[in-house]
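Structure first, commentary second.
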């Protein structure tokens with residue numbers, strides 16, 4: 001990815017200062033306010049240049065736009081500047097325009113197929129408990145943690161926001177007092193340059209499994225996109241999961257290319273790599289309420305008692321501890337901070353239990369994530385003396401090749417209910433057919449219930465009180481995307497309804 005020359009960047013900034021002094025930048029015409037500058041370039045789903053007229057109607061006083069393939073309309077009577085490869089350079093331009101707001105913050109980027117959201121939220125909570133108000137930007141939106149808690153999050157609709165919105169968000173959180181930042185760095189966001197213009201003090205890698213092949217094409221391209229984070233200029237330290245093969249490759253890449261970057265590895269096994277610090281979790285014991293493990297590190301050994309369920313969350317917690325220790329936080333202070341962490345909304349979120357089935361809502365939407373989540377909940381179901389249910393679907397217009405893999409993985413459950421996720425522009429029946437093709441030897445015949453609300457209600461009605469029901473795939477999402485519309489839908493609401501219906505019907 002090319003970088004603008006200093007002269008070219010200065011010229012653009014001078015033009016903005018002359019034509020739109022003190023204006024805000026916006027790349028979404030719907031966010032334009034009177035006096036703003038509209039930044040227009042082709043996006044994933046639409047070409048921003050198609051909305052120039054709309055942006056001007058909403059009050060844009062100037063427009064900068066991608067030059068290639070666009071002829072300025074004489075009726076658009078505002079200042080305008082054509083820029084080559086604008087999408088690629090939007091991050092650099094916006095960062096410089098807003099005077100690099102991230103430079104005053106301790107900044108950590110988190111990448112990996114699964115675990116980004118939990119790790120970003122937990123890092124924000126942990127750092128804020130240690131006295132550093134921390135902004136978090138990711139799948140749940142943009143928010144700030146103080147003293148371990150947070151207010152509402154402003155939803156952006158992306159794991160990693162577009163470059164212009166990202167820089168505006170950084171200005172806002174900086175003005176609100178954030179002195180640290182935890183940001184989810186998606187492979188697509190990295191590949192598209194949404195993070196261009198930022199600095200990262202540290203980077204955290206969680207894991208690498210199949211996802212987004214509809215965008216990247218193959219696993220090699222997907223891996224290379226994620227690896228871009230670890231080539232970042234100025235990176236000081238990398239914290240890497242050694243139990244993942246890509247993690248080992250990243251360590252080797254860093255050692256050969258960027259010897260000045262510090263490395264901390266973490267593992268649930270006995271893995272070792274020369275030349276790096278290693279955090280290790282042993283004697284892991286988990287139940288419905290949380291997990292206890294022994295932490296071995298060069299900073300000392302100690303017991304850690306978390307309120308989180310599952311070995312994959314032990315791995316994520318090790319990643320958080322790795323960042324804290326690399327920052328210079330004392331071991332016991334780091335442990336105290338992670339012991340206070342609780343489940344992120346839509347990530348192993350629990351409802352019911354006791355005299356009702358335990359319903360667990362999780363964003364697991366890849367074969368690997370679903371497999372690990374079911375393995376964790378199998379032990380919980382065994383502890384409760386019950387069976388395990390899996391209610392899930394797959395997203396439309398996204399990597400159809402993973403659907404039968406998801407079906408195959410779901411056979412780890414005793415009862416499978418296949419339903420919709422976000423069908424988008426595909427027919428739900430076709431998506432479900434792809435999933436069911438992978439369910440070759442289920443313990444019980446899978447139930448096919450296309451309507452997700454009905455599927456959740458059905459599982460809640462038929463499960464025994466000691467059973468565990470996993471609602472997988474949508475997690476925190478408050479909508480279901482169908483034919484271009486986002487219809488209100490929250491798994492937690494429908495789970496609560498299913499549980500209350502059991503009470504009214506006197507189910508056992």
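The backbone N, Cα and C atoms fix where each Cβ goes, and this holds for glycine too.
Look at Swiss-Prot and you will find 112, 113, 114, 115, 116, 117, 118 tagged as ATP binding site, backed by sequence analysis. As annotated by Swiss-Prot, meso-2,6-diaminopimelate binding site applies to 398, 421, 422, 423, 424, 473, 477, with the evidence given as sequence analysis. Residues or ranges marked as N6-carboxylysine in Swiss-Prot: 226. For 421-424, the entry in Swiss-Prot reads motif 'Meso-diaminopimelate recognition motif'.
Here the features listed in Swiss-Prot are placed on the structure.
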residue: 112; record: ATP binding site; DSSP (3 states): coil
residue: 117; record: ATP binding site; DSSP (3 states): helix
residue: 226; record: N6-carboxylysine; DSSP (3 states): helix
residue: 398; record: meso-2,6-diaminopimelate binding site; DSSP (3 states): coil
residue: 424; record: meso-2,6-diaminopimelate binding site; DSSP (3 states): strand
residue: 473; record: meso-2,6-diaminopimelate binding site; DSSP (3 states): coil
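Cα-Cα distances to residue 113 (ATP binding site) place 226 within 10 Å, out of the recorded positions 226, 422, 423, 424, 473. Distance from the CA of residue 477 (meso-2,6-diaminopimelate binding site) to the CA of residue 118 (ATP binding site) is 15 Å.
Rounded to a whole value, the Cα-Cα separation of residue 115 (ATP binding site) and residue 422 (meso-2,6-diaminopimelate binding site) is 20 Å.
Neighbouring residues of the recorded meso-2,6-diaminopimelate site, listed in sequence order and excluding 398, 421, 422, 423, 424, 473, 477, comprise 365, 393, 394, 395, 396, 420, 474, 480, 481 (Cβ within 8 Å of the Cβ centroid). Residue 477 (meso-2,6-diaminopimelate binding site) sits 16 Å from residue 116 (ATP binding site), taking the Cα positions as reference. In this structure, the CA atom of residue 424 (meso-2,6-diaminopimelate binding site) is 25 Å away from the CA atom of residue 112 (ATP binding site). A sphere of 10 angstroms centred on the C-beta of residue 114 (ATP binding site) encloses 25 other C-beta atoms. Cα separation, residue 422 (meso-2,6-diaminopimelate binding site) to residue 112 (ATP binding site), rounded: 22 Å.
Sequence-distant neighbours of residue 117 (ATP binding site) (same chain, 6+ apart, CB under 8 A from its CB) are 138, 139, 140, 159, 184, 344, 347, 363. Checking the binding-site residues (112, 116, 398, 421, 423, 473) against residue 226 (N6-carboxylysine) with a 10 Å Cα-Cα cut-off leaves 112. Look at the Cβ of each of the binding-site residues 113, 118, 422 and count the other Cβ atoms within 10 Å; the largest number goes with 118. Taking Cα separation as the measure, residue 421 (meso-2,6-diaminopimelate binding site) is nearest to 114 of the binding-site residues 112, 114, 116. Regional average pLDDT for the motif 'Meso-diaminopimelate recognition motif' (421-424) in the model is 98. Non-local contacts of residue 398 (meso-2,6-diaminopimelate binding site) by the CB criterion (under 8 A, 6+ apart in sequence, same chain) comprise 212, 214, 424.
The distance from the Cα of residue 473 (meso-2,6-diaminopimelate binding site) to the Cα of residue 114 (ATP binding site) comes to 12 Å.
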